[in-house]
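J.: As listed in Swiss-Prot for this protein:
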type: BINDING; residues: CYS573, CYS582; note: [4Fe-4S] cluster binding site
type: BINDING; residues: HIS675; note: chlorophyll a' binding site
type: BINDING; residues: TRP692; note: phylloquinone binding site
type: TRANSMEM; residues: 70-93; note: transmembrane segment
type: TRANSMEM; residues: 156-179; note: transmembrane segment
type: TRANSMEM; residues: 195-219; note: transmembrane segment
type: TRANSMEM; residues: 291-309; note: transmembrane segment
type: TRANSMEM; residues: 346-369; note: transmembrane segment
type: TRANSMEM; residues: 385-411; note: transmembrane segment
type: TRANSMEM; residues: 433-455; note: transmembrane segment
type: TRANSMEM; residues: 531-549; note: transmembrane segment
type: TRANSMEM; residues: 589-610; note: transmembrane segment
type: TRANSMEM; residues: 664-686; note: transmembrane segment
type: TRANSMEM; residues: 724-744; note: transmembrane segment
Amino acid sequence: MIIRSPEPEVKILVDRDHIKTSFEEWARPGHFSRTIAKGPETTTWIWNLHADAHDFDSHTSDLEEISRKVFSAHFGQLSIIFLWLSGMYFHGARFSNYEAWLSDPTHIRPSAQVVWPIVGQEILNGDVGGGFRGIQITSGFFQIWRASGITSELQLYCTAIGGLVFAALMLFAGWFHYHKAAPKLAWFQDVESMLNHHLAGLLGLGSLSWAGHQVHVSLPINQFLNAGVDPKEIPLPHEFILNRDLLAQLYPSFAEGATPFFTLNWSKYADFLTFRGGLDPVTGGLWLTDTAHHHLAIAILFLIAGHMYRTNWGIGHGLKDILEAHKGPFTGQGHKGLYEILTTSWHAQLSLNLAMLGSLTIVVAHHMYAMPPYPYLATDYGTQLSLFTHHMWIGGFLIVGAAAHAAIFMVRDYDPTTRYNDLLDRVLRHRDAIISHLNWACIFLGFHSFGLYIHNDTMSALGRPQDMFSDTAIQLQPVFAQWIQNTHALAPGATAPGATASTSLTWGGGDLVAVGGKVALLPIPLGTADFLVHHIHAFTIHVTVLILLKGVLFARSSRLIPDKANLGFRFPCDGPGRGGTCQVSAWDHVFLGLFWMYNSISVVIFHFSWKMQSDVWGSISDQGVVTHITGGNFAQSSITINGWLRDFLWAQASQVIQSYGSSLSAYGLFFLGAHFVWAFSLMFLFSGRGYWQELIESIVWAHNKLKVAPATQPRALSIVQGRAVGVTHYLLGGIATTWAFFLARIIAVG
């Protein structure tokens, strides 16, 4: 730790009235670009307008101005998020059966959307129980509301109004911090202050206030709800907060106030800050006393972390010093220069953040089913499937975004003259070794993982089940995964004092939690079938990484095109007269990477959906016999490609295909429509620009004949625009098809 003399006291960190507010300016399309502001001559103008509106780098090269625009845009984004959240709460208040669900969450299904009868579509309002007709929702909002202690639709209504107030506040802040008091560049680059505020403020105080809410409001209300008390009889949140005796009746240690805290007798608080592990048998969710304890612990960690970095007091760590101290025996200058990169290139910063947030989102997807955090979430199979699928897709997109912005950084912000022998330079210098090895790994994984399936299909087709890779013939058990499962199942006795169960029931140990005759969670067995599909996961993920990493490492130059940096981030080919140079831009790698990301995530969500229906989800009889939705057919059926097609895709599509005439029919229409959107994408992906330009000119001729030709000259999409439209429809169509397939199936059988 370095002690320095204190900094000068007051720095002026904002510019006042930096840019005047002008509605005339905003009303002029393309006001941010000299070329676009001239107005449309050809139809390409509208595409350029969309491509460049938020590409602040193209408006100006002044880093301070770019930073201010990004900062202001973030407030706009937050305002939209608050507006959306407010809408969710408003639907809960105005169009939902929340209060009915709260009184009987095992038999009544959540609904917060009611279709108006205009052309007979009120058929979509299915009977969700409790005398309510509406569309069953699978977002998990009801479960979150119960966990936070919301007991009436009036409370939802008030929260919705609060959301609108915050949305307005954010819009104002976005305007204020760009037009009235715009921060200087030095403020954006003061990373130590930023870390302290984000760690201690957002994460530390955020977690602490949530822990406080859980202890003083959620826990007591949920305690009453679990005991079967009518929600209308439960005291209101402010009564618990203001009246300590109320809480002391439920949690005796409250009677002692803060004395145990200051006398370090913390174990007194163990009645509401627990460390049990496992699930609450009443609700099938994590113990809320465990989650309150968790948020308190997280808050302490982040409050400490938020006091580690050196600001005005000359004490603590400096980020630059930390980075420059990172030097290994084989890493040359190590992290020297990284500080400058991350404080002057927001693309580099964003790339790191997207990579971490994407990975974290995928971790969340897995925790939502393995450790279901909210009451009655685990037995709501539609919501479980939706939350997993949603977080997997989002994680995939964020990780591709990380590669996109890393490549933009390489093209626009990387300065090779100042970087020598630091880690990034060394990675770039042996990029051929990295990419060729990665390519070898992809080939190995592809042939071997696919080969195992092809072997099984062949043996199955020839009627030789004894020669197949399966749990009953030639076993390929995932021994490492099973070892990890067993270690965790045995851990509570050895690691966490007072923990009565392991972190997740999925690890093993024979415990099963069922709520209202439905399985919430049980140990998930892994076998040969999982071993096979896990290697498909490894294959698709490695190919995605290969494409994206090649795009980043060869963004500035390659043997084929040494001056690639001069061509920019996205370009169709290296100019006329140079054949075989198409699809080499960094943008094209992102484009191709998106398809493989789609492959990867599709296999993951198919695996999850079938595995859970086969081995986890189902009903339990009074005798304790579990009947799974698909009767445990995953282990024997998913070991052939034919099995995936026959017993998963085809067998489980019957609900969506036969949904016409029922309340699920919207999913049938979506299934059809999304297939069409997906097929429509192929038209953009398989045809070249010239084909369309010829067709357009013929159509323009006809318009001229009839004297109805437009003033703006029609143009075919550019090559890059065509690819962008193609991949968008491909992903949108594919994801919406999967969504309709999953939901119609799980709502019908779950």
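Each residue, glycine too, has its Cβ placed from N, Cα and C.
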J.: What whole-number Å value do you get for the CA-CA distance of CYS582 ([4Fe-4S] cluster binding site) and HIS675 (chlorophyll a' binding site)?
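T.: That separation, Cα to Cα, works out to 29 Å.
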J.: Write out the long-range same-chain contacts of HIS675 (chlorophyll a' binding site), meaning residues 6 or more apart in sequence whose Cβ is under 8 Å from its Cβ.
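T.: GLY733, THR737 - these are the non-local Cβ neighbours of HIS675 (chlorophyll a' binding site), listed in sequence order.
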J.: Using other CB atoms within 10 angstroms as the count, which residue among the binding-site residues CYS573, CYS582 scores least?
T.: CYS582
J.: Look at every Cβ pair spanning the transmembrane segment (291-309) and the transmembrane segment (385-411), keep those 6 or more apart in sequence, and say whether at least 3 of them are under 8 Å.
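T.: No; fewer than 3 Cβ pairs under 8 Å.
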J.: Return yes if the transmembrane segment (531-549) and the transmembrane segment (664-686) have at least 3 CB pairs under 8 Å (sequence gap of 6 or more), otherwise no.
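T.: Per Cβ check, the transmembrane segment (531-549) does not touch the transmembrane segment (664-686).
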J.: Sort out for me which stretch, of 156-179, 195-219, 385-411, 433-455, 664-686, has the most Cβ pairs below 8 angstroms to the transmembrane segment (589-610).
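T.: That would be 385-411.
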J.: Ten-angstrom check, please: count other Cβ atoms within 10 Å of the Cβ of TRP692 (phylloquinone binding site), all chains counted.
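T.: Around the Cβ of TRP692 (phylloquinone binding site), 17 other Cβ atoms lie within 10 Å.
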J.: Can you tell me how far the Cα of the residue listed as 'phylloquinone binding site' sits from the Cα of CYS573 ([4Fe-4S] cluster binding site), in Å?
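T.: Pair distance, Cα basis, whole Å: 19 Å.
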